[in-house]
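Asks: This is the feature table in TrEMBL:
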{"type": "TRANSMEM", "residues": "B:12-33", "note": "transmembrane segment"}
{"type": "TRANSMEM", "residues": "B:68-95", "note": "transmembrane segment"}
{"type": "DOMAIN", "residues": "B:72-262", "note": "domain 'ABC transmembrane type-1'"}
{"type": "TRANSMEM", "residues": "B:107-128", "note": "transmembrane segment"}
{"type": "TRANSMEM", "residues": "B:140-161", "note": "transmembrane segment"}
{"type": "TRANSMEM", "residues": "B:182-207", "note": "transmembrane segment"}
{"type": "TRANSMEM", "residues": "B:241-262", "note": "transmembrane segment"}
């Protein structure tokens, strides 16, 4: 168990800088998720912590020790790979025991530890099988067991669930979260899937083009994005962004689930401050209980999440109404959020009062 | 109609394969049958297919016409020794070529490919001189050492090692395995089909090799089986083909046995690429 600290860490391949001097504190025992689109440097960052890539510049600490010069096997970390990376010629037992043997653990102790871990992940009856005789989910468990058995200070996971089908992925997500609670170790988890990030992480690091865009807890990330990138990356569908007609240096945005659709003729009967966009419904996607309405407005295309029960005809002229409390403003040039910390554009009242 | 066409095509395919197969099998079959005939029957015209009486005596004559135990032992030592040496050298070399970036890598790999293209007949003279300088001519060492590094083996293994996913090696590094350990406990087992195939090719080639032992040896104590068999021709006056063929049977028997057991691996080594 240990915290991980990155100080001004950079990584260049040939002439290209893929990680651009990031500073990050990953607290001891946290479940930190690095998330971002492909090519943002999240995997490279994880591989530098693992020691599989050397940092071009900066300092990496695990616990209180600088590990830049330590080989992967000496860092006391374990990693779970996307394609599991099991040793195909060894059976499950040997796969799990390999790391222990290399550290000089005695045969007897090995057996005790492997059997204990196999019990936890439910692999006891598969110990004699080769990886090729296991299902995807079982292979994933072997990969986890192989990491757990070493009792590392830090668990590193590189998109470990993306090779599983949707159902199994949901199940493993829950298992990983409870595993983290059980072990209490530091988890660093890389994914490009924001849903995975939001549901599993207690600290989320959003990355883009080799930079950290924001580090925050899931709720804060959703409610108080630091910048345009985070605002659009977190939340599905993405935040609507509209140019401001009065101030060309500013763009403003709102989440599709925080807007209302009204008929063109209806007058917005509300005393609180609102913004209104006029447009035409051009398409509709039904997700289940909710639908996404795509509205072509004078300021561009906008998505609004509405109740599926509401019937809306294509081509209807509508008004999109957004409470000022749900509006975020950003600097157009830098993408930085304007007025963070002093609340959003309007004061946010707790709907329905205190519960 | 389609069904008939398909059957006809299958038949043509089958006949062609059988014809090609016969071309390869016939010499073996003829060797086998001749080995059991009597001398007059060998020279009889028109030839008979089946031996009139099975002459196991031929094998005894062939075996006792020279120090065959020594020949067999020498053949095993030479073919086996070469094989072991080739593995010990080719595995680390192939691992380095496949997995490391170091200055001169491509040049060195190119050089070993050139070695692959030069037949031993071209360089036997300088190698002979070298061996004679070291005083190794007419020893088993002169039969083993020149073949210790196999360019073919390095090339084949390099290709196999390149197909091992990076993550598997990285996982092993995280599992505190040394490079040496990764090579022997991860890479080599994963390349098993290729290793078996290469081992078989190498063993057959050197087991059957006639040229090199012929020029490097001049006494029975270091001669190998193929030379011993050819001595059968010289030893007797009129060529006793039945005895020579019995000798050849002794020569190829171990290879047939090995081939029989390794067949599965050979096939999987050649379909490895498309998997």
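Cβ coordinates are placed from backbone N, Cα and C, and glycine is handled just like the others.
Keep in mind that TrEMBL annotations are predicted by a computer and have not been checked by a curator.
Would you situate these features in the structure and describe their surroundings?
Replies: Packing against the transmembrane segment (B:12-33) from elsewhere in the chain are residues 49-51, 245, 248-249, 252: each is 6 or more residues past its ends and has a CB under 8 Å from a CB in it.
Proximity of distant same-chain residues to the transmembrane segment (B:68-95), defined by a Cβ-Cβ separation under 8 Å and at least 6 residues beyond the stretch ends, is recorded for 62, 112, 140, 143-145, 147-150, 153-158, 160-161, 179, 183-184, 187-188, 195, 198-199, 202-203, 206-207, 213, 220-228, 250.
If you look at the transmembrane segment (B:107-128), the same-chain residues 6 or more away from its ends with a CB under 8 A from one of its CBs are 93, 97, 137, 146, 149, 151-152, 154-155, 158, 211-212, 215-216.
Here the transmembrane segment (B:140-161) has long-range neighbours at 74, 77-78, 81-82, 85-87, 89-91, 93-95, 97-99, 109, 112-113, 115-116, 120, 127, 131, 187, 190-191, 194-195, 197-198, 201-202, 206, 212-213, 216-217, 222, 224, 272, meaning same-chain residues at least 6 beyond its ends whose C-beta is under 8 angstroms from one of its own.
Listed by sequence, the residues of this chain that lie at least six past the ends of the transmembrane segment (B:182-207) yet keep a Cβ under 8 A from its Cβ atoms are 75, 78-80, 82-83, 86-87, 90-92, 95, 147, 150, 152-153, 156-157, 159-161, 164, 168-169, 172-173, 225, 251, 254-255, 258-259, 262, 265-266, 268-270, 272.
Residues 28, 31-32, 34-39, 41-42, 55, 58-59, 61-63, 65, 68, 72, 196-197, 200, 203-204, 207-208, 225-226, 228-229, 232-233 of the same chain lie 6+ residues outside the transmembrane segment (B:241-262) yet bring a C-beta within less than 8 angstroms of a C-beta in it.
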